[in-house]
Structure formats: C-alpha cells, structure tokens
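Asker: Okay, handing you the structure first.
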Amino acid sequence: FLHGFYAEEDLVGSLASMSTNERIKAIQKMPETMRKKREIRNKVLKEITKKSRHRGAQCTQCLQGAAVSFRRFGNTLSEYFHQPWLWHKTLKIIGAEFGTSVLSYFVFLKWLLNLNIFSFLINFSFITIPQFLAAEPNNLSFTGLELFTGAGYFQQTVLYYGFYTNATISKVENGPSYNMQLAYIFTVGMYFVICFLILLFSMAKFFSRNFIPQKFSVNASKLLCAWDFNITNEKAVKLQQKNLHTQIKEGLTEVNKEVQNFSAVERVARIAMHLLAWVISLGTAVAACAGVYFLSINNLKLFMKGYRNDLEGQAAMLVLPVIVSLLNTLIPFFFSWLGHLEKFQTPGQHIYVTITRNIILKMSIVGILCYYWLNIVATSDSQCWETLVGQDIYRLVVVDFIFCLLGSFFGEFLRRIIGTTVFVSLGLPEFDIGRNVLDLIYAQTLTWIGILFSPLLPGIQMIAFFIVFFVKKISLMRNCQPPGKVWRTAQMMTSFIFLLFCPSFLGVLSVIGVTVWRLKPSQECGPFRGLSSMYAAVDEWIQVLESYTVSKWVAWIYHNLISSELFFFIISSFVLTVTYIYWQLIQGRKTMTELVRKQIYN
C-alpha cells in the first residue's frame, strides 16, 4: 500500500513539472479508467496550485492561481463537449438494439443540433446583443397566441428583421461605435461561409471514413481488436457485446449478399411498377406544389384586406403553415407505402428511393414558397415585407415541429396499437429513416432561409431538435422493432450531409443572394431601410474606406478580389482540380487494394 502511495506521489510530482500539452498527453496514454485519470489530473492541478503559492510576489501568485483555475475550467469544458453525456449512452443503446441504419438518423439529428447551437451563438452575440442597447420599449400586450403565430407582441422584438435599427450604436459620446448595417450583413455572410466549410469538411470526413477502402478486414478487427478492457460495469459489458454483435451481423450481411435472378417477364413487371410509382409520386408532388402556390396567393390577399377581429386574423395566419405541414407529413407516408409495393431487393434501395421522392416534394414546396416571398410578398404594399416573411417562416417552423411530434404519435404509437391488437399480422412498425431524415433537412432549410429575416430562428430550431431527439428516442424504444433485414449503412451519413448541402444549402444561398443583391429593402423598417439593396451598405462602407490612406488596401482587395469574377473562377478551378486529383488517388487506392487482395489470395 505504502509503495503504491509513494509511486503515485512520484507520478503526480513528475506530471506537475511537465508543460500543459505534455501533461495532457501523458495522462491520456495511461492504461487507467477515466475516473482514475480524472483523480490523477485533479491531484496534479492541486500540486501545481500548492507550488505556485511559494513562488514570487503576491501578484504573481494571483495570476498563477487564476491560470490554474482557468486551465481546470478549460479541461472540464473540453471534457463536457467531447463526452456528450446527455445522449452518449442513448446512441450506444440505439446502435446496439436497432443497428447503424437507425443510429445514423440520431447521429445526423445530433449533428444538426450542434450546428444550430453554433448558429444561435453567432447571431445572438453579434446582432441581437448590440440591438438590446438601442432597443425601444415594447408597448404591445402578450396573449400567448404569439407562440404559434409569431405576430403581435413578437413583431416588436429582436426576433424579426424589422425591429433592428439602421443607426450606428454608441453608448459613450465620441467613444467606439457599432455599425448595425455592417454587423448584420457580415454576420449572416460569415455564418454562411462557415456553414459551407463545415458541410464540405463533414462530407470529406465521412467520405474518407466510409468510401475509401480500408487496409484491414473490418470484421476481423472487430472480433480481435475492438473490445475495450476498461469496461467493468455489467450493463456496459452487455451493451458493448450487443453492439459488436449487431455490427458483425451487418458486416456479414454485406459480404453474403444474395443476388436474386428474375425472369424477363418479372424484370419487365418490376420496371413497370417502378415507373408507375415514380409517375404517381411526381404527380403528387406537382399537385401539392400547385395547391401551396394558390393557397399562399389567396392568403396574402386576405391578409392585406384585413380581418373583422384579431382572433380571426391570428387563425388565418396558421392556414398556410398547417396545410404545408399536413402535406409534408401525409405524402411521405404515401411514398413509404409505394416503396413497400415496389418490393426492393435491399432495405437500402427502399430508403434511398423514398428519400429522393421526399426531397423532390419538400424542396419543390420550399421553392414555391421562396418564389411567393421574393416575387409577391416583397413587392406587396406591406410596410415591412421582411418581417412578414420572417413571421411566415417562424410559423412554418413551429407548425412543422408540432406535426413532427404528431407524426411520432400517429405514425408509430397508433401503428403499434393497431399492429398488436387489431391486425396482429402487421406486428410492430419499423422506424422510417427516409421520412424522418427528410423532416430534419426540411426544417434546417427553413431555418437557413429565415436567418436573414429572423436572426434568432436557430435558437427556436435548436430547442425543437432537442425535444425531437428524445421524443423520437422514446417512440423508437416503445413502438418500433429492429429492421427485419440487418444491413450495414456505411455511406448513409455521407448521403445525409450531401443532401443537406445539395440541394438544400445551395438553394438557400441562391435565395439569400437574390434577397441581398436584387431586392429593395423596406423603407420604414430594418437596418437597411432607405438603401437600394442590402448589399449597398457594403458599397457605402468601401467608399468611406477609400477616403482614408491607411485602409485603401481593404478597398483594393474588395475591388480586385471579392468583386472580381476572375478571382472566383480561379478559386473554383483550383477546387475542382484538387477534387479531381483526390478522386483519382482514391481510384488508384481501390485498384491497389484489389491487386493486394489477389496477391494474398494467391
């Protein structure tokens, strides 16, 4: 015991004498449990604090103590973000019980939740907080209906574009000032640039992880090398066993694929069935888009005409989002039913076809709504058309969230009751990955479009995704059964990110570009009132910079790089060249892998 005690004291002393990076790496490499590593780290920090008390003057001691406390806080914060305790165990249980196909949905949902947390922090920090300093009191009364309609009291808050000032905010005379016009457009612009890079790097990461061939047999590595010997809890051991069991089954299913041979007549019948299903699904999407367009036109006419009382007006505001959400909820169920009639050979084919049909439906509806907002609402007689668009998007987000929860109740809970009591042959339902993933992509698309008109919309979507995560988890555990056919979904997360990037994100960039460069802002509200376009604020700022000798280099960069089509053409060519080179490298690696496998076989 004494030997172990003194050995640990020597270890703590040696770690305390190391630099911060060396100490962190040394603790990480220790063959100990996480609890033991934390104990050692805390003892080392106490030892450093103890030594710091005997060094230098009192001021130096205070600074060192603050540095140690800050370092300890940083380590704790790092642990918090790297180990998301709130859903870490949940994801492990889902992966063990339902396989990687269902798990990919929850991983994607968590990824979107983190993205919206980042979005909310960016907008709140650089747009909303400065506006609080210049905000005027809100004299409107709060009734509660605003939570659903987004109108009324919320209209005079930082939730919408129209409330933001076009003045330069300065609380101290002759002190530093804050240009709200530049802050608004640069914050939104830089946010979309960062989102673009995040999506690109995420696609590259998942692509390299799932598409590039590995150097070893995945199943052999899982059997021989994947066990974590730090696990001592019995429940954790069983969960890990079940998780590995499911992953190996999925890998073996992929290896032992059965190729079904059909006769000529059967092949013709299957092709005819697929074509008929596609014609029906595309016809349904066109009819839904036409209905949304005519409904939105009539809804705007009624809104501009006015209502007899406030309650009637509030109810009329919800007609469009309710109809849109109803179409987006019911039609995907119809698409899933069509997919079951087509009898695909693998569950993956069924999911990808369902996702494609749903993306056509949802993105077409979003496209119709964007046309309505940018070509009809923006040219209407409304005093602040940007706030009107922001309210529409807010209502769509809130109603879509409500319908998402109702979809879990009617689509999974009632289906379980029917399958276990009325029609026992149906059994428990399976989790519909395609429909649920497209719900997430549709919700995120609305949030991206709405950021310009409602800067705090990511905060609302963040809360919605957080609730959806746990509602879907409970519904999955209580109402659904594991997939009937076990299959491995290595490329599914890559496909989800790609669909989020194209057409969702690229389509949103087009909408934002038209709004910022082409449309004239409202004359009576918002930070860009009185300008010919939102981007005119940047042109005016550049003209001011040109009058100062010190900042002429900024104006040169703007005119010769940012405003130059040739510069972006060169960048695009470089990116495409690098992408092509990497693609050829991947193809070469695949060829070399096949040659090596043949040599090993020989």
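Placed from the backbone N, Cα and C atoms, the Cβ positions cover glycine too.
Note that the structure is a prediction, hence the values are computed from the model and not measured.
Feature table excerpt (TrEMBL):
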| type | residues | note |
| --- | --- | --- |
| DOMAIN | 384-490 | domain 'TMC' |
| TRANSMEM | 111-133 | transmembrane segment |
| TRANSMEM | 182-207 | transmembrane segment |
| TRANSMEM | 275-295 | transmembrane segment |
| TRANSMEM | 315-338 | transmembrane segment |
| TRANSMEM | 359-378 | transmembrane segment |
| TRANSMEM | 393-410 | transmembrane segment |
| TRANSMEM | 417-434 | transmembrane segment |
| TRANSMEM | 446-471 | transmembrane segment |
| TRANSMEM | 492-517 | transmembrane segment |
| TRANSMEM | 566-583 | transmembrane segment |
Asker: For the transmembrane segment (393-410) and the transmembrane segment (275-295), check the count of CB pairs under 8 Å (sequence separation 6 or more) and say whether it reaches 3 or more.
Answerer: no
Asker: Give residue numbers and ranges for long-range contacts of the transmembrane segment (417-434): same chain, 6 or more residues beyond its ends, CB-CB under 8 A.
Answerer: 98, 101-102, 104-105, 332, 335-336, 339, 350-352, 354-355, 358, 411, 476, 479-484, 492
Asker: Between the transmembrane segment (446-471) and the transmembrane segment (111-133), do 3 or more CB pairs sit under 8 angstroms, pairs being 6 or more residues apart?
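Answerer: Answer yes, regions in contact.
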Asker: Do you know the DSSP helix, strand and coil residue counts for the domain 'TMC' (384-490)?
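Answerer: DSSP composition of the domain 'TMC' (384-490): 79 helix, 2 strand, 26 coil.
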Asker: Could you name the stretch, out of 182-207, 492-517, 566-583, with the greatest number of CB pairs under 8 A to the transmembrane segment (359-378)?
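Answerer: The stretch with the most contacts is 492-517.
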Asker: Taking only the residues in the domain 'TMC' (384-490), give me the average pLDDT of this model.
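Answerer: Mean pLDDT, the domain 'TMC' (384-490): 86.
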Asker: Which residues, given as numbers and ranges, are at least 6 beyond the ends of the transmembrane segment (492-517) yet have a Cβ under 8 Å from it?
Answerer: 100-101, 104, 107-108, 111, 185, 188, 192, 195-196, 199-200, 202-203, 206-207, 210-211, 351-352, 355, 359, 363, 366-367, 370, 374, 433, 437, 441, 444-445, 448-449, 452, 533-535
